[in-house]
There are 4 protein chains.
Amino acid sequence: MSDEVNQQPKLWTGNHYNEGIGRDDIFDKLREECGVFGVFGVRDAATLGYYGLHTLQHRGEESSGICAVDSVEGTFNYHRGMGLVKEVFDQKTLESLPGDRVIGHVRYSTAGESKLANAQPLIFKYRDGDLAIATNGNIVNAPSIRRELESQGSIFQTTSDTEVIAHLIARSSKDFVNAAKDALQRIIGGFAFLIMTNEKLIVASDAHGLRPLVMGRLDGGYVFASETCALETVGAEYERDVQPGEMLVLDRDGLKLDRFEKLERRATCAMEYIYFARPDSDINGINLHSARKRMGQTLALEAFVDADVVTGVPDSSISAAIGYAEQTGIPYELGLIKNKYTGRTFIQPSQELREKGVKMKLSAVRKVVEGKRVVMIDDSIVRGTTSLRIVNLLREAGATEVHVRITSPPFMNPCYYGIDTPDRKELIASQKTVEEIRQAINADSIYFLSHDGFIDSVGGNDGEYNRGMCLACFDNDYPTPVDPTSEKSCSC
Amino acid sequence: MSDEVNQQPKLWTGNHYNEGIGRDDIFDKLREECGVFGVFGVRDAATLGYYGLHTLQHRGEESSGICAVDSVEGTFNYHRGMGLVKEVFDQKTLESLPGDRVIGHVRYSTAGESKLANAQPLIFKYRDGDLAIATNGNIVNAPSIRRELESQGSIFQTTSDTEVIAHLIARSSKDFVNAAKDALQRIIGGFAFLIMTNEKLIVASDAHGLRPLVMGRLDGGYVFASETCALETVGAEYERDVQPGEMLVLDRDGLKLDRFEKLERRATCAMEYIYFARPDSDINGINLHSARKRMGQTLALEAFVDADVVTGVPDSSISAAIGYAEQTGIPYELGLIKNKYTGRTFIQPSQELREKGVKMKLSAVRKVVEGKRVVMIDDSIVRGTTSLRIVNLLREAGATEVHVRITSPPFMNPCYYGIDTPDRKELIASQKTVEEIRQAINADSIYFLSHDGFIDSVGGNDGEYNRGMCLACFDNDYPTPVDPTSEKSCSC
Amino acid sequence: MSDEVNQQPKLWTGNHYNEGIGRDDIFDKLREECGVFGVFGVRDAATLGYYGLHTLQHRGEESSGICAVDSVEGTFNYHRGMGLVKEVFDQKTLESLPGDRVIGHVRYSTAGESKLANAQPLIFKYRDGDLAIATNGNIVNAPSIRRELESQGSIFQTTSDTEVIAHLIARSSKDFVNAAKDALQRIIGGFAFLIMTNEKLIVASDAHGLRPLVMGRLDGGYVFASETCALETVGAEYERDVQPGEMLVLDRDGLKLDRFEKLERRATCAMEYIYFARPDSDINGINLHSARKRMGQTLALEAFVDADVVTGVPDSSISAAIGYAEQTGIPYELGLIKNKYTGRTFIQPSQELREKGVKMKLSAVRKVVEGKRVVMIDDSIVRGTTSLRIVNLLREAGATEVHVRITSPPFMNPCYYGIDTPDRKELIASQKTVEEIRQAINADSIYFLSHDGFIDSVGGNDGEYNRGMCLACFDNDYPTPVDPTSEKSCSC
Amino acid sequence: MSDEVNQQPKLWTGNHYNEGIGRDDIFDKLREECGVFGVFGVRDAATLGYYGLHTLQHRGEESSGICAVDSVEGTFNYHRGMGLVKEVFDQKTLESLPGDRVIGHVRYSTAGESKLANAQPLIFKYRDGDLAIATNGNIVNAPSIRRELESQGSIFQTTSDTEVIAHLIARSSKDFVNAAKDALQRIIGGFAFLIMTNEKLIVASDAHGLRPLVMGRLDGGYVFASETCALETVGAEYERDVQPGEMLVLDRDGLKLDRFEKLERRATCAMEYIYFARPDSDINGINLHSARKRMGQTLALEAFVDADVVTGVPDSSISAAIGYAEQTGIPYELGLIKNKYTGRTFIQPSQELREKGVKMKLSAVRKVVEGKRVVMIDDSIVRGTTSLRIVNLLREAGATEVHVRITSPPFMNPCYYGIDTPDRKELIASQKTVEEIRQAINADSIYFLSHDGFIDSVGGNDGEYNRGMCLACFDNDYPTPVDPTSEKSCSC
């Protein structure tokens, strides 16, 4: 018994995801589920939220939302909608969200689950007033908590597991902060939380710091974001990453540090380093452009191949391709180019047109690759369908050889912490040998960055952080108990 | 601590209600709060819902919604939006709502409270699956029930009191039907309820039948509607009015009659007869065009005045004006005409323009009224501002005398059962004598239909129904306990 | 070789006219083609234009447009769009049209021909600056003039015949006023013209005054409109009807009266009196509600039938039905009711649903007509399909007899002066006898108002105006030469 | 006397360009005025047009349009709108454009001139049927031709100079092809033309080949585009560049080569090589990524500076930066990152916010540039304001030195051939010495690529093409007569 929510405004229901065209293009890429942004104690907080969320847009393109607390009255005002930040908000809407405190959210979801009702921040009314929650990540034990709550008579408004947090808080007899602390202790998973009431803001990261979350300072107030690039955009000064198991409480009396869980080993999602986060962001002090460039350099050391041209699959593998080129001396070229205008309303070419040569959003540059041996750098291979398509694009444009180099180990295990991954049996690396993958994607050679090579590349010279990653998608070593029968990989 | 919900799609947020122009035009008319429509066991139920709700549009122009149960899977699909039925739904949306069971809703709300989050049907997920509720009316004791539920940890998603029903059901240890029965017994007020689960539909009317609700048959299935005109539109055959305190349960086994309250005196809202319901609808077997014509005839008998022309304030007072004209022999004329294109997006003329003569949506017809003594029939006077404006329109168009005749007794007391009425101190009839009202609206004479004349007009020759009305707005005799400190007059 | 223009904004292309449902409902009604409105020398002219055109909306629902001349610079600003006035214009758009001079237009067109490119006012740039033209009516000899102009190298931007006027003016070696006068002399047909340059406004009516056009005064300036109701709305004082063959020239020096044609017999379109114009408008001093009421009275005298109820087909036949009822003493009742919310985006019921009883926008009121002998008043019968449907609605609602009374003589001949009429062979009155029509529409009796009865009803006691109508659709006596092979009946 | 056209659909009129924020960001970048795309003799031509224009979107983001000729009837169907290709067209619209022949257009214009009426293809009706014209470029002598045509009675519908071509053709007594040839001979300037009638397509490039235009083959038919990348996208095989002075005529009999002007020296716009065209396009056989990389290499040879990091201003200067890095051995890094989601509806930060540190669409990557000496590669400097802002971004992010290297000679003279350039007095290079520019943009050093270095970089080893560029913006040597008093730089 499920619930199909269809609250989208009539005007843009006609989106093309429903038509099944371009499906595997869309699905053969891992998707970050969400980005969060919060402001406490800075004037025009909603406008800062607009710029912050816009900067985090790559973490979720499907819906956007901001909830603001009016500084004078303490009342909530919010706006959520389907679409990009720039589409959901206009000047007038921002003006309707006065105050110096906001939490905001951008969300990705697959087409069928794209629902305005699930758009965050989620808003609740309970005994003590209003409650708004924005989250990035997934609560592994949400289904069982939800069943328990429902059996006690709780009503849910969304399919989002985030809602269990609100119920746990509302049903507690403790004050808000302690109720929230209890709730955070009960849930297991990978998550970054912003929880706001009429008076307080709680910022929390799961016990392993699986999802990134950083704190900055601006004009005497505080800014929180999934990535440092959003701090930079609003002019905030980076202060530090929120620590695993930490719970920050902000109210009229300022910031109070607390934790709901003692610090265990850090296990930040490896795919954030490889693919999700913007290259100009830093995670745990490591800049991602630099880390990716080192991955390319390490790849070059581990798997050099004689070639004429190095090219990266845009946009995520440009840094690594530059590193590979620098290390090998093979020229880096724009062998693949992406149309930057392609977006939600773009009509994907039909199968017939694609077979006739109409290109999807990526083109190979004939003059650059024609007659050349090409090293093609990519960040990961999920199902293999996109890789096959890109290799073929290069061959059709005249590449004589295509050598695929991947900046991560083989992706073999699903994520339970907020990454939208297909079933294990659809993950090509869990089903085929490396040689079989090479054949499947029509490459002349293929190489996946080694486990150690990857860790070294991320960590640079500093050993501390290396041990700080969740590598479960590569090595099946999940930092928390997981439920392998669960289909859900995201709470938001 | 209140909550301003701003989920409207960006595109039409710029509505002109915010600008404060035309305010008193909008507010000096009583507003029905809602209309409901349900189908059980008829193919293409959502399309029938579309036509049914469109026919009930006069009961609520602000938001529309339909929730359908898929006949095969029992799953919920729904769509709600701000705007008229024809704006909220298109062919594609209706097709996304398959099944033979729906409940639907149209809703009026004043500008500031116009919120998509409160749009009905409200949808909940609870222990036993999905729950959808559409209601017309008001629960007088909802605030206290809500406080009790919140103190037990319940979370609310809306400001709508309707939500308490869902919580009462979800928290009950009984099965759905008995839980709903308990819930209906706990609440006090005037309401028509449609409550749908994945398998059942419950239809209920409050203990006094304050809000109209009728049942029809179509193609072996059932249709429920606030008014008979909606049955007519979809080709359903009227069967009977739902009785006060009745609870109909529909499921795979058909229709089962039950009641949650023993039948007391019927007390159907008098304003439904006077103004709200469409003239082609019947309530308790009485056609409203005919009833209103009789009100006009009775007015003529009670308060004849020598005049040249009878005119009615469109659209609601046309029937009564015809009755007055027939009874007196004074010709009925179109002395006032309403622009049928005026709607939500219409830009109301500014105060400056109105003073310069730019007309609001109503015009007086100069050639009809110039040099004439005019009898102007209207259904009620709330604050008096609109009446003053219309009388002045007629005078500016050359009427030499304007005699106002009102088809109801003076409206003196607020409604607690789903009619949006201003505070008592803004009700002109509770503040002024009839003579003072005459002066305030600049009429040559004024007369309000007598209490008995009104009852007789509605009932015609049949005494049974006369005793069946709630006349509290005229005589302060409320059929239930009410809380005079409550500002809320509507649950939906 | 035709041209399909598709400039509509993407968002509302999905209109339902294309789907072929409800077609004959839409097409079995004559359609006025346009309304015009102009202001010269009044502040905020565009806002007045908004209200004026809104009041003329019944003359054209498909597109709206306003062109303003900036008072200081003399520059043109304009806005045109598909849709109702309230949909095409918002506050911001009106503010972008500063100045004290505007011409505006509302336009009806059948679905297939609904084109933004043809939306008026048409705007041109020529030797002497800018030129804007708004027209209501049709130029009979436009095709031959257009061929001549094209052979001389003229380029056309629209399929609208109105464009020939602009070319005739641009190609003349005379000054603007004399060039316009020459152009008006060359064209034959029925039309009301507003022609605006950066400095002047020319207002003209065809040689027979076929299309209505009135002048009013406001704040020292001038207002022109197709109907007096638009003068009333903006607070302008009616001055007089523009006379046949007259050409008014307005500029900095005020108003100058001229004529391009000597005054011949007036021949104002009879259908304006019967159906098109709003009941609160006056044409040539005759109020249309009153005229239509007299038509009903005359019908009663010519063709009384014993019955229980008189009802009019809304909205156009209400006045006549009241007249018939008054004259006969048979009660007037709301036997038919129209849903006022039905509009462009409304989804018409499918044939299957209609057969199952789902009603189109009109409903019969069962309680009013059940068991009754009904006199049904309508204004005209075109193809007969709508009449059949309405008669059947009444019978299904229980009417025992339905007597159809039509307030005009049989409509037998197409119009060449701006009314969208079907081919002669589709006009039921030109193909069948009255008795055959009665059978075709399933009526118990039928009567068309006599030729003389119609003329008398319009004229009242005053003989002057009677001779002033074009009755060609009834008697085939066209006031100008016409081209019977022409399909075109409208220039706008 | 000018004309402000406001035909935009109401819904997105509220664009932020009007607000004056972010103005100089927008204006301190040269803008290509248009892109054209044509198909002759390929099934589903409109869909190919959609993909082709989407690929040319960087040449014009303001409006898009496609005109198709129905293969059976020879009739025109077209659709034009304000916005990106993906916004203006949907599946339904494309389906309304059947046929195997289309011409299409994307257009840039500055805010104030952004008008739907000027959106191309322009459509005309004339003696011989329909005429559609799409153009990229500018007609230098259009104003005088227009004045002449107007004096002969021609009416213009747009402010676009392209319209003169249509008038010249319509007024000619010759057949279409010869009339078009005459017209092309009369006009002076830089342009690529697609001219379509119901039967023929004419493709023409100006006498000097100022604007790029290429021809490809697909499925037995022909494809024409401003750039080769659009051929690639639709799967067409590049055949050759259209030659200066060439006029290709396509009709039922196939392709006929003709010329309206004898071949003179080729003078293709240098800025196409430097900045406008996509890096994956080839012009005159030269790939632009490769050419730009060579510019970077040449810059390195001409103006090496010791530094830690090379970065390019995205997106146009990435290729050159890579070339500079390769040549010097200084690592190439992503020191600047552009938000790819920023677009028309994005709310630019206010001046106050910018001063407080809220970034425009470009960010400097702190970890990459902090404490580093940075070489910043850019393609050109127009006013200098953007360069100053970027240098400051780098400094605020911690760069210790910023050395600016420009891949073109100083831009000193306005363009009259279709590039939107400011007045000469606003061109910083025409007002200041290089040292003054360095100071103005706060750089540690600055260097503009030398005239010869630029020519060598474009031409590679092949001397033929070097002589083939228009370098007037650098050296004031215009290939045609120009009118220095003209403000107009673009016909489209």
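Each Cβ is built from the backbone N, Cα and C atoms, and glycine gets one as well.
Automatic prediction, not curation, is the source of TrEMBL annotations.
According to TrEMBL, the feature active site, nucleophile maps to A:CYS34. Annotated [4Fe-4S] cluster binding site per TrEMBL: A:CYS269, A:CYS415, A:CYS470, A:CYS473, in sequence order. Look at TrEMBL and you will find A:SER316, A:ASP378, A:ASP379 tagged as Mg(2+) binding site. As annotated by TrEMBL, domain 'Glutamine amidotransferase type-2' applies to A:34-253.
Long-range Cβ contacts of A:CYS269 ([4Fe-4S] cluster binding site) within its own chain (separation 6+, distance under 8 Å): A:GLY190, A:LEU210, A:ARG211, A:PRO212, A:PHE276, A:CYS415, A:TYR417, A:GLY418, A:ILE419, A:MET469, A:CYS470. Shown are the recorded positions A:CYS34, A:CYS470, A:CYS473; the one with the most C-beta atoms within 10 angstroms of its own C-beta is A:CYS34.
Cβ atoms within 8 Å of the centroid of the Cβ atoms of A:SER316, A:ASP378, A:ASP379 (the Mg(2+) site) belong to the same-chain residues A:ILE274, A:TYR275, A:GLY312, A:VAL313, A:SER317, A:ALA320, A:ILE377, A:SER380, A:ILE406, A:THR407, site residues excluded. Every protein chain considered, the tally of other Cβ atoms within 10 Å of the Cβ of A:ASP379 (Mg(2+) binding site) stands at 24. DSSP assigns A:CYS470 ([4Fe-4S] cluster binding site) to a strand segment in the three-state reduction. For the recorded [4Fe-4S] cluster site, residues A:CYS269, A:CYS415, A:CYS470, A:CYS473 set the reference point as the centre of their Cβ atoms, and the other residues of that chain within 8 Å of it by Cβ are A:GLY190, A:LEU210, A:ALA270, A:MET271, A:TYR417, A:ILE419, A:LEU471, A:ALA472. A Cα-Cα distance of 18 Å separates the residue listed as 'active site, nucleophile' from A:SER316 (Mg(2+) binding site).
Annotation note: A:CYS34 (active site, nucleophile) sits in a strand segment as assigned by DSSP. DSSP assigns A:CYS415 ([4Fe-4S] cluster binding site) to coil in the three-state reduction, placing it in neither a helix nor a strand.
A:ASP378 (Mg(2+) binding site): 23 other CB atoms within 10 A of its CB, across all protein chains.
Under DSSP, A:ASP379 (Mg(2+) binding site) is assigned to coil, being neither helix nor strand in the three-state scheme. In sequence order, A:TYR275, A:ARG292, A:ASP379 are the residues near A:SER316 (Mg(2+) binding site), counting only same-chain partners six or more apart with C-beta under 8 A. In the three-state DSSP assignment, the secondary structure recorded for A:CYS269 ([4Fe-4S] cluster binding site) is strand. A gap of 17 Å separates the Cα atoms of A:ASP378 (Mg(2+) binding site) and A:CYS473 ([4Fe-4S] cluster binding site). The average per-residue pLDDT of the prediction over the domain 'Glutamine amidotransferase type-2' (A:34-253) is 93, rounded to a whole number.
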